[in-house]
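Following this message is one structure expressed as structure tokens.
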Amino acid sequence: MAAMRKALPRRLVGLASLRAVSTSSMGTLPKRVKIVEVGPRDGLQNEKNIVSTPVKIKLIDMLSEAGLSVIETTSFVSPKWVPQMGDHTEVLKGIQKFPGINYPVLTPNLKGFEAAVAAGAKEVVIFGAASELFTKKNINCSIEESFQRFDAILKAAQSANISVRGYVSCALGCPYEGKISPAKVAEVTKKFYSMGCYEISLGDTIGVGTPGIMKDMLSAVMQEVPLAALAVHCHDTYGQALANTLMALQMGVSVVDSSVAGLGGCPYAQGASGNLATEDLVYMLEGLGIHTGVNLQKLLEAGNFICQALNRKTSSKVAQATCKL
């Protein structure tokens, strides 16, 4: 870690030069991007070995100290289905709640929502998909039936003054159906928005998307849902996560999901990369002169901490590069 602290300033000295490069040919980019850190939940949920509650709490606290304004904390799902998230209440109650930072939690059903609120949650997340077959295989119902389940959560959230964020899985491709129609993604996203989700994250669940596919999908969705309500969630399975994110930024999206150290593999492509690494995202955004509010040095330290705890190498290219110097 000490070597990384010394190496970082030299490694990142080129950022000033990068900021000086004109981005006029890239279209209008947002001046500020909100990063939604999903590592503690999406990144850890499929870990085979149970991560201790104190480690999860320390990771989230370190991410808060790094300046991330939204940190997806845990999932209020049955431990029978996701053992890794069995300590959801202890984690949510145990973390430091930094002023100005949101700590949303996943709630797949009304029972999970009620438990989350009882534990102090102020924002919850619900998951849908743009693929009928994916929905059927994952939650054993149709897309329309899934929205009937979400309706109970959204109504309860409205009564309790709880914000709800939606996810649309398979926005750029499905492991079962293959290509997904942009019109279908737009339809599902519009439904989430009309039901009360303040923000909808469009997920490339298996990482097959390319900038061209991203552009076509967003073009369709933006005709149905306000741009300010959209976010993107890219996986790096085919090495396209940053490229797809940049395309979304060029189209005006200013909310991006990512995971510290790139935690979270793709369950449909064994050995493949998973979530976009937050470190790599921050490095790119800073190079474009886009404000994130994130301290990259502290973020790297958080990534190093969790990788040591998991006894694995980081998937972040920025972390790998700075540690080699």
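Every residue, even glycine, has its Cβ placed from backbone N, Cα and C.
According to Swiss-Prot, the active site annotation covers CYS266. What Swiss-Prot lists as substrate binding site is ARG41. Marked as divalent metal cation binding site by Swiss-Prot: ASP42, HIS233, HIS235, ASN275. According to Swiss-Prot, the feature domain 'Pyruvate carboxyltransferase' maps to 33-300, an assignment based on sequence analysis. Residues annotated as N6-acetyllysine in Swiss-Prot: LYS48, LYS111, LYS137, LYS179, LYS324. The N6-succinyllysine annotation in Swiss-Prot covers LYS48, LYS137, LYS179 and rests on similarity to another entry. Swiss-Prot lists 1-27 with the feature transit peptide.
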Can you tell me how far the Cα of the residue listed as 'substrate binding site' sits from the Cα of HIS235 (divalent metal cation binding site), in Å?
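So the Cα of HIS235 (divalent metal cation binding site) lies 15 Å away from that of the residue listed as 'substrate binding site'.
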What is the number of other Cβ atoms found within 10 Å of the Cβ of HIS233 (divalent metal cation binding site)?
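Taking all protein chains shown, HIS233 (divalent metal cation binding site) has 26 Cβ neighbours within 10 Å.
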Can you name every residue in this chain, apart from ASP42, HIS233, HIS235, ASN275, with its Cβ inside 8 Å of the center of the Cβ atoms of the recorded divalent metal cation site?
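Other same-chain residues near the divalent metal cation site: VAL38, GLY203, ASP204, CYS234, ASP257, SER258, SER259, GLY264, GLY274, LEU276.
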When you measure from the Cβ of ASN275 (divalent metal cation binding site), which residues in the chain that are at least 6 apart have a Cβ under 8 Å away?
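Set apart from ASN275 (divalent metal cation binding site) by at least 6 residues yet with Cβ under 8 Å, we have VAL38, GLY39, ASP42, GLY43, HIS233, CYS234, HIS235, ASP236, ALA241, ASP257, SER258, SER259, GLY262, LEU263, GLY264.
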Looking at the recorded positions ARG41, LYS48, LYS111, LYS179, HIS235, which one has the fewest other Cβ atoms within 10 Å of its own Cβ?
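The recorded positions ARG41, LYS48, LYS111, LYS179, HIS235 were compared, and LYS48 has the fewest Cβ atoms within 10 Å.
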Just give me the nearest neighbour of LYS48 (N6-acetyllysine) among the modified residues LYS111, LYS137, LYS179, Cα to Cα.
LYS137
Counting only residues 6+ apart in the same chain, whose Cβ is under 8 Å from the Cβ of LYS137 (N6-acetyllysine)?
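Listed in sequence order, they are TYR176.
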Taking only the Cα atoms, work out how far LYS111 (N6-acetyllysine) lies from LYS179 (N6-acetyllysine), in Å, as a whole number.
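One finds 34 Å between the Cα atoms of these residues.
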Give me the count of other Cβ atoms within 10 A of the Cβ belonging to ASP42 (divalent metal cation binding site).
24
